[in-house]
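A.B. asks: Take a look at the following structure, please.
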Amino acid sequence: SADIFLGVPFNIASYALLTHLVAKECGLEVGEFIHTFGDAHIYSNHMDAIHTQLSRDSYLPPQLKINTDKSIFDINYEDLELINYESHPAIKAPIAV
């Protein structure tokens with residue numbers, strides 16, 4: 001399933017990172033990350049947070065720089081850099097159980 005407000009943004013970020021890491025490991029150029037949803041949903045208790053998110057201006061996406069020649073299995077957080085990353089203040093929303 002796809003929790004549009006909380007889950008999908010995390011999935012996009014993590015799988016986009018994985019796309020870059022796999023391309024690097026295989027010696028390939030990074031292609032595109034395509035995400036499809038099954039059972040996409042928005043929880044009613046997220047509506048205020050969603051309206052806040054939609055009222056904000058977008059920023060240009062940052063660039064990912066992988067600062068190592070290590071294998072995908074040895075890379076850690078310190079080997080990664082986001083260039084020109086900008087963000088708005090966090091929006092809190094409850095996780096559905």
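The backbone N, Cα and C atoms fix where each Cβ goes, and this holds for glycine too.
From Swiss-Prot, here are the annotated features:
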type	residues	note
BINDING	Ser1, Ala2, Asp3, Asn11, His41, Ile42, Tyr43	dUMP binding site
BINDING	Asp3, Ala96	(6R)-5,10-methylene-5,6,7,8-tetrahydrofolate binding site
A.B. asks: Reduce the DSSP letter at Ala2 (dUMP binding site) to three states and note it down.
C.D. replies: strand
A.B. asks: Specify the count of other C-beta atoms within 10 Å of the C-beta of His41 (dUMP binding site).
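C.D. replies: I get 13 for this one.
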A.B. asks: What is the separation, in Å, between the Cα atoms of Asp3 (dUMP binding site) and Ala96 ((6R)-5,10-methylene-5,6,7,8-tetrahydrofolate binding site)?
C.D. replies: 9
A.B. asks: Should Tyr43 (dUMP binding site) be counted as helix, strand, or coil on the basis of DSSP?
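C.D. replies: In the DSSP reduction, Tyr43 (dUMP binding site) maps to coil.
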A.B. asks: For Asn11 (dUMP binding site), list the number of other Cβ atoms lying within 10 Å of its Cβ atom.
C.D. replies: 15
A.B. asks: Which chain-mates of Tyr43 (dUMP binding site) that are at least 6 residues away have a CB under 8 A from its CB, listed by sequence?
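C.D. replies: Same-chain residues close to Tyr43 (dUMP binding site) (Cβ under 8 Å, separated by 6 or more) are Asp3, Phe5, Ala96.
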A.B. asks: Around Asp3 (dUMP binding site), how many other C-beta atoms are within 10 angstroms of its C-beta?
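C.D. replies: If we count other Cβ atoms within 10 Å of Asp3 (dUMP binding site), we arrive at 19.
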